[in-house]
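Trainee: Got a structure here, written out as structure tokens. Questions coming.
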Amino acid sequence: MKYAEKSPALWDAIRQEEKRQQNTIELIASENIVSDAVREAQGSVLTNKYAEGYPGRRYYGGCQYIDQVEQLAIDYAKKLFNAKFANVQPHSGSQANMAVYQALLKPGDVILGMGMDAGGHLTHGAKVNFSGKEYKSYEYGLNVETEELDFDQIRKVALEVKPKLIVAGASAYSRIIDWQKFRDIADEVGAYLMVDMAHIAGLVATDQHPSPIPVADIVTTTTHKTLRGPRGGMILSNNLEIGKKINSALFPGIQGGPLEHVIAGKAQAFYEDLQPQFTDYIKQVVKNAKAMAEVFDESENIRVVSGGTDNHLMIIDITDTGLTGKDAQNLLDFVNITTNKESIPGDKRSPFITSGLRIGTPAITSRGFNEEDARKTASLIIEILSDPDNEATIEHVKKEVHELTKKHPVE
């Protein structure tokens, strides 16, 4: 059914964004490229349907096919992560986290999460976020020397503040996380353990990172990033009693009608993630990240935080280049390499300026980049950050970026 002509301004902006994605090396760790099937599902007629409630328990009629779609997403998710419970309705990772807090906590309860400058997320207790306003939040950090999780410090803080909930997981941490150590600390202080695996869910699904599902009380994730699905959230658990609380906290607690067209996209993505080639993809994501980290680590003026990576991302300290993270992000944008500024451990600069960059490989790997391409990309970043005012350098890097994007088009 047609109601009106397309907005020329809108579709011009969409075409320009499509062109930008095609011609840019995308290194933002939280971004990826979905399949045509995921886009088709998300753009389907399901966007027309309201479906408050859960499969078999809706407040609206006409949901028989919607129920099938959402149940497929639930079943695929449970199989993918070997979990007994899955809620696929959260509109985002933040709302997934909010639902957990609403289900398990009361306003003013104590939560303990990773500090922002250590690699944590806003929703892990940052003072500017609901999680740091509605709850009494404390933070843990990294070992100053290793720049890895300091479990002695985490235990010490937990014993002091007696949290009701400990949040494990990160948005900018490049090492394997020992979930059992968090579990032991949570048990010692009588806290729930929630794991936010938004960044590493694809690695967990393919056994490239230990799974938190058997260890944590509750696990949240986004469905994009390394899962290569539509933008959205999900909650998983092996505790069915907690699952019941989660369902009620999400709906009717904090959300109304679920976005069933997005849930269809999630179902398609989870189906793709269950195929053997997805494991091959994730393995290549990690190989590409390690290859980039090695190149950065060999440079004279760029340092990889913690000395390397075990997953899909790394944080690079660019202090010795004389540039701020904001400067570097803008400079790289100019040569068609997209990154994001990132605080480094103990960063003295504000989160709007920073002393580092976060680099991730999910999107370039989806385009077909291999280790050689990843090393080349890292070398180009070093070249431009080391010589930012040289027009010849800028033009050379632009040319090389164009060749790489032409070699590996977005398909």
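Start at 1 and count along the chain as shown; that gives each residue its number.
Cβ atoms here come from the backbone N, Cα and C positions, even for glycine.
Annotations per Swiss-Prot:
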BINDING   Gly120, His121, Leu122, Ser350, Pro351, Phe352  (6S)-5,6,7,8-tetrahydrofolate binding site
SITE      His224  site 'Plays an important role in substrate specificity'
MOD_RES   Lys225  N6-(pyridoxal phosphate)lysine
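Looking at the shown structure, what environment does each listed feature sit in?
Mentor: The Cβ of Leu122 ((6S)-5,6,7,8-tetrahydrofolate binding site) has Ser94, Met116, Val128, Asn129, Ser131 as same-chain neighbours under 8 Å, each 6 or more residues away in sequence. DSSP assigns Leu122 ((6S)-5,6,7,8-tetrahydrofolate binding site) to a helix in the three-state reduction.
When Cβ atoms from all protein chains are considered, those within 10 Å of His224 (site 'Plays an important role in substrate specificity') total 26, not counting its own. Secondary structure from DSSP puts His224 (site 'Plays an important role in substrate specificity') in coil.
For Lys225 (N6-(pyridoxal phosphate)lysine), the same-chain residues lying six or more positions away in sequence with a CB closer than 8 A to its CB are Ala29, Ser30, Glu31, Asn32, Ala198, His199, Ala201, Gly202, Pro362.
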Trainee: Cα distance, His224 (site 'Plays an important role in substrate specificity') to Gly120 ((6S)-5,6,7,8-tetrahydrofolate binding site), nearest Å?
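Mentor: Here the two Cα atoms are 18 Å apart.
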Trainee: What's the longest C-alpha separation between any two of Gly120, His121, Leu122, Ser350, Pro351, Phe352, the listed (6S)-5,6,7,8-tetrahydrofolate-binding residues, in angstrom?
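Mentor: For the residues that bind (6S)-5,6,7,8-tetrahydrofolate, the greatest Cα distance is 16 Å.
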Trainee: For the binding-site residues listed here (His121, Pro351, Phe352), tell me which residue's CB has the most neighbouring CB atoms inside 10 Å.
Mentor: His121
Trainee: A 10 Å Cβ contact count, applied to the binding-site residues Gly120, Ser350: which residue has the minimum?
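Mentor: Comparing Cβ neighbour counts within 10 Å for the binding-site residues Gly120, Ser350 gives Ser350.
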Trainee: Should Phe352 ((6S)-5,6,7,8-tetrahydrofolate binding site) be counted as helix, strand, or coil on the basis of DSSP?
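Mentor: DSSP assigns Phe352 ((6S)-5,6,7,8-tetrahydrofolate binding site) to coil.
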Trainee: Calculate the distance in Å between the alpha carbons (Cα) of His224 (site 'Plays an important role in substrate specificity') and Phe352 ((6S)-5,6,7,8-tetrahydrofolate binding site), and round it to a whole number.
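Mentor: Cα to Cα, His224 (site 'Plays an important role in substrate specificity') and Phe352 ((6S)-5,6,7,8-tetrahydrofolate binding site) are separated by 24 Å.
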